[in-house]
Amino acid sequence: RCVEAFYIYFSAERVEEPYVSITKKRQLPKDGYSEEIEKEVGQAEGKLRTHRSAFSRASVIQAFLGSAPQLTLQLYICVLQQEVTVARSIFMVLSLLSIVYGALRCNILAIKIKYDDYDVRVKPAAYLCIFMWRSFEIATRVTVLVLFGSVLRVWVFLVVLLNFLCFFFYPWIQFWLSKSPFPENIEKELSRLGTTIVLCLLTFLYAGINMFCWSAAQVELSDPDLISKSQNWYQMTVYYIVRLMENAFLLLMWYIYRTDFYLYVCAPMLFLQLLIGYCMGIFFMLVFYQFCHPCKKLFSSSITEAFLSCFKILYFICQHHKTTLLKGKVAMKSPENTDEARGSSKIIDPPNTSIHQSASSNA
């Protein structure tokens, strides 16, 4: 494929195109108006686009099914051996860059799939924000898993398995609840069994991505393109809140059960740095969706509004829980107070009656 792509690229201007196709793309709205642009696409350009799309998908698969486990394993070996060699550090940096590049390509693919009718142009600032977002998110996530696994080796398998199964079955549960027909238009030559295997591989990749970072392309089996076209801010907000709490819990368990090797490491500072690093990834994500997203004009609401509404919901839930607890305490204390009031009234009444009796006798 690579040789064919280079051959098509270098011979595109020399060989005359036998036919061209016309594509229609809409510009992003300016002042409320959106123009439709027609563009001629030659046969060579169409093939190059197909190859580029295939390479992008292959880079995502290679990053999360190849480089991510490799980075986790190499970092785990460094922790066990208590040393970082030059060769291993180079391999870890390359693996991290590969994962970040795969996540970046996943973001761009998700944008182009969701806004296929528009002429999408990603600016360098958007690439920079995505790179910083994914770098902080993936690096801190891998480090947290390795630290937790170095002190609780059995429990880390349970954490990884639970995460993977939740994300693997989530698209299937959504598909079952939607009561949509089984997708038959993936490949005409595939049987029902082959289609099921392809969908399982797709959800397997989806679960592998969400193990380390947020998957920008959300799988929706009821959609013909198998990708959700809607921008679900609340789902993203819940993911990052739960992931931040999970990272904090795993770091707390590592801090409690850390071995003698970590006594030479400033554990509280490392704990704080990892949490701040993950929050920095969330910060760059907010900057990207709020200011640098190429299709931000098409959003019905911003991600900051979704975050604020989720925090308001959590705040109201906490306030409601506190008010119910206070009401319960007041209800428990009120019978004692009434009994005390009755007892005090019984004690006070006899002196009053004696005063009245003495006053009447004197009269």
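Even glycines carry a Cβ here, placed using N, Cα and C.
Taken straight from TrEMBL:
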| type | residues | note |
| --- | --- | --- |
| TRANSMEM | 86-104 | transmembrane segment |
| TRANSMEM | 125-148 | transmembrane segment |
| TRANSMEM | 154-173 | transmembrane segment |
| TRANSMEM | 193-217 | transmembrane segment |
| TRANSMEM | 237-257 | transmembrane segment |
| TRANSMEM | 269-291 | transmembrane segment |
| REGION | 335-363 | region 'Disordered' |
| COMPBIAS | 351-363 | compositional bias 'Polar residues' |
Top Cβ-contact partner of the transmembrane segment (193-217) among 154-173, 237-257, 269-291 (pairs under 8 Å): 154-173
Touch test for the transmembrane segment (237-257) and the transmembrane segment (86-104), at least 3 Cβ pairs under 8 Å: no
Distant-in-sequence neighbours of the transmembrane segment (86-104), which means Cβ under 8 A and at least six residues beyond its ends: 59-64, 66-68, 70-71, 74-75, 77-78, 127, 130-131, 134-135, 138-139, 142, 209, 212-213, 216
Other parts of the chain folded back onto the transmembrane segment (154-173), taken as Cβ under 8 Å at six or more residues beyond its ends: 145, 148, 203-204, 206-208, 210-211, 219-221, 250, 253
